[in-house]
Amino acid sequence: MNTNKLSLRRNVIYLAVVQGSNYLLPLLTFPYLVRTLGPENFGIFGFCQATMLYMIMFVEYGFNLTATQSIAKAADSKDKVTSIFWAVIFSKIVLIVITLIFLTSMTLLVPEYNKHAVIIWSFVPALVGNLIYPIWLFQGKEKMKWLTLSSILSRLAIIPLTFIFVNTKSDIAIAGFIQSSANLVAGIIALAIVVHEGWIGKVTLSLHNVRRSLADGFHVFISTSAISLYSTGIVIILGFISGPTSVGNFNAANTIRNALQGLLNPITQAIYPRISSTLVLNRVKGVILIKKSLTCLSLIGGAFSLILLLGASILVKISIGPGYDNAVIVLMIISPLPFLISLSNVYGIQVMLTHNYKKEFSKILIAAGLLSLLLIFPLTTLFKEIGAAITLLATECLVTSLMLMFVRNNKLLVC
């Protein structure tokens with residue numbers, strides 16, 4: 001077996017461990033948090049967490065895709081890697097300053113956020129962690145072993161802290177701070193590894209590189225914003241319209257779905273930089289790799305969707321417990337998402353983005369975001385968390401369909 005295949009498989013395994021720590025380790029505390037906080041306070045927790053995820057999305061700006069691709073193409077040149085690294089870091093510093101100003105204004109001026117200001121600010125460590133955690137550097141250089149180490153250590157650290165310090169329904173802010181601190185700890189460990197390995201040179205500030213970095217990531221940022229509109233945004237709108245209990249039911253079911261779906265991420269994250277670099281050298285080999293990825297992801301995603309559909313009642317009963325009756329219905333409605341998202345990841349990220357169709361990719365996700373806005377208000381008003389689940393499913397169906405049509409119409413998978 002050649003070195004490239006061994007390297008790819010090794011990276012998939014490392015990323016599987018990373019995703020296991022990201023999704024499965026928090027599941028050790030998930031049932032405890034759900035039961036300790038109760039449906040209403042767990043809903044408040046989810047509402048504030050979703051708000052902070054929007055802030056993180058702004059700071060992330062799509063660099064996990066664009067910077068990964070840039071690093072993958074320049075992995076053998078320390079000077080180029082250094083230039084890309086500092087351009088992204090300084091870009092993120094600009095974005096985090098804007099974010100903190102906006103967050104301060106929001107918690108002062110919006111009554112719903114003012115009421116939960118302490119809880120919202122308890123999630124800020126995750127924002128800082130996103131700034132200093134260069135996942136894109138590790139992925140671009142295909143050095144997943146170190147990414148695995150930093151992720152596992154940080155996730156393990158928060159487990160005992162949750163059981164020790166979160167004891168009553170009122171400990172929402174403590175729970176938020178502990179959960180969000182995992183990203184910060186992971187970022188500190190990752191930066192120490194980067195320095196120790198000598199992957200980057202001295203600090204270089206180039207305004208031209210910062211502007212170019214922001215420009216390169218703009219269309220992906222618009223795309224991720226649109227995705228957040230119909231994923232994270234649904235939780236926020238549901239909270240405003242239907243209240244924290246509905247958010248608690250939706251968030252509980254969606255957490256189970258994300259835990260299973262997240263197991264697909266090792267394959268998608270490991271193969272993306274490999275596809276990017278392979279297409280540059282040999283398009284035919286790149287297309288063959290994409291088709292293999294499509295087969296693998298669709299089969300696994302389909303199996304996960306069946307597990308969620310057929311096992312919804314058991315999964316909710318075991319992981320959540322009593323008081324979350326509507327979570328079973330929500331989980332059944334959103335059960336097709338792992339299959340749909342596995343397809344849209346291939347057609348959108350692995351095909352459209354690697355072929356430089358960033359604008360078209362953005363337009364599809366913007367259309368999906370607009371559809372979610374049209375559906376979310378009437379459906380959540382009428383059906384609360386069930387309406388939110390229907391909105392999410394309908395939006396993902398549109399995304400997958402449009403991406404599939406674009407790829408086929410432009411014959412992007414024809415060698």
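Using the three backbone atoms N, Cα and C, a Cβ is placed for every residue, glycine included.
Listed features, source Swiss-Prot:
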type: TOPO_DOM; residues: 1-11; note: topological domain 'Cytoplasmic'
type: TOPO_DOM; residues: 33-41; note: topological domain 'Periplasmic'
type: TOPO_DOM; residues: 63-83; note: topological domain 'Cytoplasmic'
type: TOPO_DOM; residues: 105-117; note: topological domain 'Periplasmic'
type: TOPO_DOM; residues: 139-173; note: topological domain 'Cytoplasmic'
type: TOPO_DOM; residues: 195-220; note: topological domain 'Periplasmic'
type: TOPO_DOM; residues: 242-295; note: topological domain 'Cytoplasmic'
type: TOPO_DOM; residues: 317-328; note: topological domain 'Periplasmic'
type: TOPO_DOM; residues: 350-362; note: topological domain 'Cytoplasmic'
type: TOPO_DOM; residues: 407-415; note: topological domain 'Cytoplasmic'
type: TRANSMEM; residues: 12-32; note: transmembrane segment
type: TRANSMEM; residues: 42-62; note: transmembrane segment
type: TRANSMEM; residues: 84-104; note: transmembrane segment
type: TRANSMEM; residues: 118-138; note: transmembrane segment
type: TRANSMEM; residues: 174-194; note: transmembrane segment
type: TRANSMEM; residues: 221-241; note: transmembrane segment
type: TRANSMEM; residues: 296-316; note: transmembrane segment
type: TRANSMEM; residues: 329-349; note: transmembrane segment
type: TRANSMEM; residues: 363-383; note: transmembrane segment
type: TRANSMEM; residues: 386-406; note: transmembrane segment
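Looking at 42-62, 118-138, 329-349, 363-383, the range that has the most CB pairs within less than 8 A of the transmembrane segment (221-241) turns out to be 363-383. With a threshold of 8 Å between CB atoms, the same-chain residues lying at least 6 positions outside the topological domain 'Periplasmic' (195-220) that come near it are 61-63, 65-67, 70, 78-79, 81-88, 90-91, 94, 137, 141, 143, 146, 353, 358-359, 361-362. Counting residues 6+ beyond its ends, the topological domain 'Periplasmic' (317-328) has Cβ neighbours under 8 Å at 27, 30-31, 34-35, 38-39, 246, 248-250, 252-253, 256, 384-386 in the same chain. Beyond its flanks by at least six residues, the transmembrane segment (84-104) meets 55, 58-59, 61, 63, 67, 70-71, 74, 120-121, 127-128, 130-131, 134, 136-137, 199-200, 203-206, 209-210, 212-214, 217 of its own chain at Cβ-Cβ distances under 8 Å. Within the chain, the topological domain 'Cytoplasmic' (407-415) has long-range Cβ neighbours (under 8 A, six or more residues past its boundaries) at 283-284, 287-288, 290-291, 347, 351-352, 355, 357.
Sequence-distant neighbours of the topological domain 'Cytoplasmic' (63-83) (same chain, 6+ residues past either end, Cβ-Cβ under 8 Å): 91-92, 135-137, 139-142, 199-202, 204, 206, 209, 213, 216-217, 220, 272-274, 276-277, 280, 349, 353-354.
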